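According to TrEMBL, the protein carries these features:
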BINDING   Q102, E152, N202  S-adenosyl-L-methionine binding site
DOMAIN    123-187  domain 'Methyltransferase'
ACT_SITE  C230  active site, nucleophile
Amino acid sequence: EGGHWRELVVRTTSHGHTMAIITFHPQQLGQEALATQKALLKEFFASGPGAGCALTSLYFQESTMTRCSHEQSPFQLLYGEPHIFEDLLGLKFRISPDAFFQVNTSGAETLYRAVGELSQADGDTVLLDVCCGTGTIGLSLARHVSKVIGIEIVEKAIEDARWNAAFNGISNCEFHSGKAEAVLPQLLSSWEDTRPLVAVVNPSRAGIHYRVVRAIRNCKAIRRLLYVSCKPEGEAMRNFLELCCPPDPGKKLVGEPFAPVLAIPFDLFPHTVHCELVLLFSR
C-alpha cells in the first residue's frame, strides 16, 4: 500500500492489558488510503484473526520519523480503551501511549524501593522528581515525604501523573509539564523552602541537560541526589563529571561539588547485557 508499519506492544503483567501502537509511515498515501488502512487494522484486531490478541487498546500514529511525540503527530485510538493500567508498590497507575513506564514491573518495584531507602527522605523532606514520567517514583515515595515535585516533558505523562495522584488519594504532589532545563532552573532559583530537598533524576539515554545539572549544583538545599541511568557510559557520564568537578565560574558551576557515594545495578532487562544503574551523590 505504499507505506509500512511497525508495532509496539506494551503488556502490563498484573491486569493482562495489552496496548498496541502502530506507527504508520504514510509516504505517498492520501487520506482516503490511510482511512482504509485504519479500518482494516481495526477490523483485523477487533473481529478478524488478530482478535485472539485480546487488545485492550489499539493506537495508530502517522509518522514520517522513527520516533514521534503525540504533539508532533497525535496517537489516534482505533479500538478499545484510551489507557492501560498497572499496579506498582500498592498503587494503581494509568499509562498513556507515549508515557514512559518501566517494562519490568517487579524489577521496577525493587529499584524504586532502593531509591526510597537511599534518599533517606523523611516526613520533613521535599522530593524533586526530575523526568518523572507517570509519577511512579514520586508517588511511590509520597507517603514517606512532606512534598513531591515532579517535572516531565511529555504532556500526556503529566496528565497520567495527576490522575494517578488523585486516584490513589495522594495530595502532597505537584507536577510540572515542560522541559526540565526550562522548568527546574526557574523553580530552584527562587527556592526559599527550609525543608531538606532531595533530587531524583531518571532521564532517557541522552541524560539531563547541562542547565539541569547547573541548577542542581547551584541549589544549596540539595545535599543528596539519586541518578537513575539506563546508559551510564553514554551522555550520563558527562552529567556525572559536571556534578562532581571543582567549581567552574566559566561554566557557571559555582555550587559545591557532589561526590559519588555508591552505585547499584538493577537487572531490569534479563537476558540482555543492559541494566539500570542507581548512583547516589552527596555533598
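The backbone N, Cα and C atoms fix where each Cβ goes, and this holds for glycine too.
Heads up, TrEMBL stuff is auto-annotated, nobody curated it.
The structure displayed is predicted, hence computed values, not measured ones.
Where TrEMBL records a feature, it is marked here on the structure.
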residue: Q102; record: S-adenosyl-L-methionine binding site; Cβ contacts under 8 Å, 6 or more apart: A108, L111, T136, L268
residue: E152; record: S-adenosyl-L-methionine binding site; Cβ contacts under 8 Å, 6 or more apart: C131, C132, G133, I158, A161, F175, H176, S177
residue: N202; record: S-adenosyl-L-methionine binding site; Cβ contacts under 8 Å, 6 or more apart: D129, V130, C131, C132, G133, I137, V228
residue: C230; record: active site, nucleophile; Cβ contacts under 8 Å, 6 or more apart: S204, R205, H274, E276, L277
Problem set entry | Average pLDDT across the domain 'Methyltransferase' (123-187), rounded to a whole number | 96
For this session: For the recorded S-adenosyl-L-methionine site, whose residues are Q102, E152, N202, find every other residue on that chain with a C-beta no more than 8 angstroms from the centre of their C-beta atoms, and list them by sequence position.
Result: F100, F101, C131, C132, G133, T134, T136, I137, V228
Exercise. Quick one: largest C-alpha distance among Q102, E152, N202, binding S-adenosyl-L-methionine per the record, in angstrom?
Worked result: 15
